[in-house]
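A short worksheet on the structure shown next.
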Amino acid sequence: MRQLAIYGKGGIAKSTTTQNLTAGLVERGNKIMVVGCDPKADSTRLLLGGLAQKTVLDTLREEGEDVELDSILKTGYAGIRCVESGGPEPGVGCAGRGIITSINMLEQLGAYTDDLDFVFYDVLGDVVCGGFAMPIREGKAQEIYIVASGEMMALYAANNISKGIQKYAKSGGVRLGGIICNSRKVANEYELLDAFAKELGSQLIHFVPRSPSVTKAEINKKTVIEYDPTCEQANEYRELARKVEENDMFVIPKPMTQERLEQILMEHGLID
């Protein structure tokens with residue numbers, strides 16, 4: 001069983017990318033579980049046809065400790081198992097703690113069955129606080145992929161996440177598997193992301209072009225592969241799935257200084 005965490009700044013379409021990636025992997029014969037680790041609880045919406053899934057934390061609040069697995073785990077597109085950890089009540093508590101509670105509960109309830117090929121953690125990535133770093137810190141996820149684009153804040157967040165990976169890689173087995181570019185159609189975007197990934201000592205594992213097919217599929221509460229399986233964008237996600245499944249480049253990243261990051265941005269014309 002490979003356990004992967006997908007990180008990236010808020011709004012970069014991590015959840016969309018993760019769900020479309022898992023749809024590609026399930027077509028390749030893999031059994032998958034997706035654990036949403038974002039308080040928005042939207043990590044499994046496209047796999048469940050838009051059903052708002054009850055989160056682990058909401059279930060615990062309503063039912064107490066005596067929770068059955070089928071009340072927090074739903075089966076979605078092509079048999080993908082879906083869980084949302086959820087978040088605390090606004091203004092109270094720490095969302096990161098919710099991730100810890102949820103993963104521990106899934107382990108206790110036997111969700112991590114031997115037939116699973118992949119478990120994905122879809123994690124809010126702006127804040128690499130202790131709780132959100134939990135899949136890295138506790139050694140749950142061995143592979144990290146960072147979703148980024150050619151925008152400055154996306155790269156700033158990706159560099160910060162790399163610092164978190166570097167910190168925990170020394171004590172655990174976690175490694176960076178690569179950068180996934182979710183294109184924003186920025187000038188020189190491919191070249192910039194490729195240079196950024198290489199500077200970290202990693203790779204740009206796939207460049208996902210911007211496409212209206214993604215929005216159409218989302219409006220219909222489906223992944224692109226389910227909604228329009230023959231379109232070009234569906235093939236992009238299939239290619240991403242193939243590359244992730246066949247990936248053998250796992251590194252401890254070498255995060256860059258703020259000055260070096262800005263230098264790379266200048267070299268590619270993003271800042272003057």
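The backbone N, Cα and C atoms fix where each Cβ goes, and this holds for glycine too.
If you check Swiss-Prot, you get these features:
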type: BINDING; residues: G8, K9, G10, G11, I12, A13, K14, S15; note: ATP binding site
type: BINDING; residues: C94, C129; note: [4Fe-4S] cluster binding site
type: MOD_RES; residues: R97; note: ADP-ribosylarginine
Tell me the Cβ contacts of S15 (ATP binding site) under 8 Å, same chain only and six or more apart in sequence, or just say none.
G36, D38, D42, S43, R45, D122
G10 (ATP binding site) and R97 (ADP-ribosylarginine), Cα-Cα, nearest whole angstrom
19
If you measure G11 (ATP binding site) to C94 ([4Fe-4S] cluster binding site) at Cα, how many Å is it?
20
Candidate with sparsest Cβ neighbourhood (10 Å radius) among G8, G10, G11, the listed binding-site residues:
G11
Report, in whole Å, the straight Cα-to-Cα distance of C94 ([4Fe-4S] cluster binding site) from A13 (ATP binding site).
23
Here the binding-site residues are I12, A13, C94; the one whose Cβ sees the most other Cβ atoms within 10 Å is I12
Which one of the recorded positions (K9, K14, R97) has its C-beta surrounded by the most other C-beta atoms within 10 angstroms?
K14
